[in-house]
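Listed in TrEMBL:
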ACT_SITE  HIS98  active site, electrophile
ACT_SITE  GLU170  active site, proton acceptor
BINDING   ASN9, TRP10, LYS11, GLY176, SER216, GLY237, GLY238  substrate binding site
Amino acid sequence: MRKKIVAGNWKMNKTLDEAKALVSEVINMVNDEVTGDVQVVLCPPAVYLTTVRQYLSGNGRVSLGAQNCHEKPSGAYTGEVSAPMLQSIGVPYVILGHSERRQYFHETNAQLAEKINQALANGLTPIFCCGESLEQREAGIHQDFVRQQLTESLFHLSPEQFAHIVIAYEPIWAIGTGLTASTAQAQEMHELLRRHIAEKYGEEAAQNTSILYGGSCNEKNAPELFACPDVDGGLIGGASLKSREFTNIVKARQ
Ligand SMILES: O=C(CO)COP(=O)(O)O
């Protein structure tokens with residue numbers, strides 16, 4: 001079933017004390033101020049997942065996500081975190097294919113297909129990121145590029161598996177730049193993504209897939225972005241590091 005989701009991707013930010021302060025502030029504000037049926041997902045650095053989980057325990061509205069997992073279940077991969085590890089500490093969501101992982105760690109669509117399989121096999125809900133660069137948009141190939149990301153990383157899944165996927169459209173040129181996609185640009189791409197899903201898995205599956213927008217989303221632009229019919233929520237970077245602003249974004253989606 002299509003859910004409203006606002007996820008905060010903390011990326012590589014916060015010390016332990018800062019992380020504790022942020023999660024407790026977000027929980028208090030969300031509990032006090034959010035009444036709608038939006039699912040909040042906090043995605044702290046892996047080293048804080050267990051601590052943040054303790055703060056969230058028993059809170060149905062605020063859930064937990066990792067920022068990545070390895071495509072293998074275990075082995076000699078120094079520094080990596082596996083999907084079974086995430087499952088074993090009670091993490092329900094995992095961001096996969098973020099453009100920063102693709103850029104700095106050279107993750108490919110084929111590798112991401114394996115990560116998706118690994119996440120699903122361990123009961124995790126992937127938040128699969130896609131999105132084009134400015135050069136690709138200016139060259140007019142952004143739609144083909146994003147379709148290829150879906151095709152090569154997700155469309156091998158069975159309909160039953162695909163039902164567990166959340167998608168985040170994050171145009172690279174909008175991430176951390178202060179340049180947000182216009183509502184027209186966001187809606188166009190979200191509608192396109194839903195059409196691709198419909199072609200592959202049918203209209204019902206497309207209507208049931210949550211598609212989030214990410215890229216310089218903040219408390220000012222969130223209301224208009226979330227008003228787009230095919231935008232189901234947001235994947236928030238910088239603005240998720242500030243409890244007041246993040247909660248305001250959540251309230252814009254409830
Ligand atoms: O990359 C993002 C979320 O995953 C978006 O980052 P910003 O909100 O900082 O642009």
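Just so you know, glycine gets a Cβ as well, placed from its N, Cα and C.
Taking the mean position of the Cβ atoms of ASN9, TRP10, LYS11, GLY176, SER216, GLY237, GLY238 as the substrate site, the remaining same-chain residues with a Cβ inside 8 Å of that point are ILE175, ILE236, ALA239, SER240, LEU241. Between the C-alpha atoms of TRP10 (substrate binding site) and the residue listed as 'active site, electrophile', the distance comes to 12 Å. In terms of Cα spacing, the recorded positions ASN9, LYS11, HIS98, GLY238 that come within 10 Å of the residue listed as 'active site, proton acceptor' are HIS98. Those residues noted as binding substrate (ASN9, TRP10, LYS11, GLY176, SER216, GLY237, GLY238) have their most widely separated CA atoms at a distance of 14 Å.
Secondary structure at SER216 (substrate binding site), taken from DSSP and collapsed to helix, strand or coil, is coil. Counting other CB atoms no more than 10 Å from each candidate's CB, the recorded positions LYS11, HIS98 peak at HIS98.
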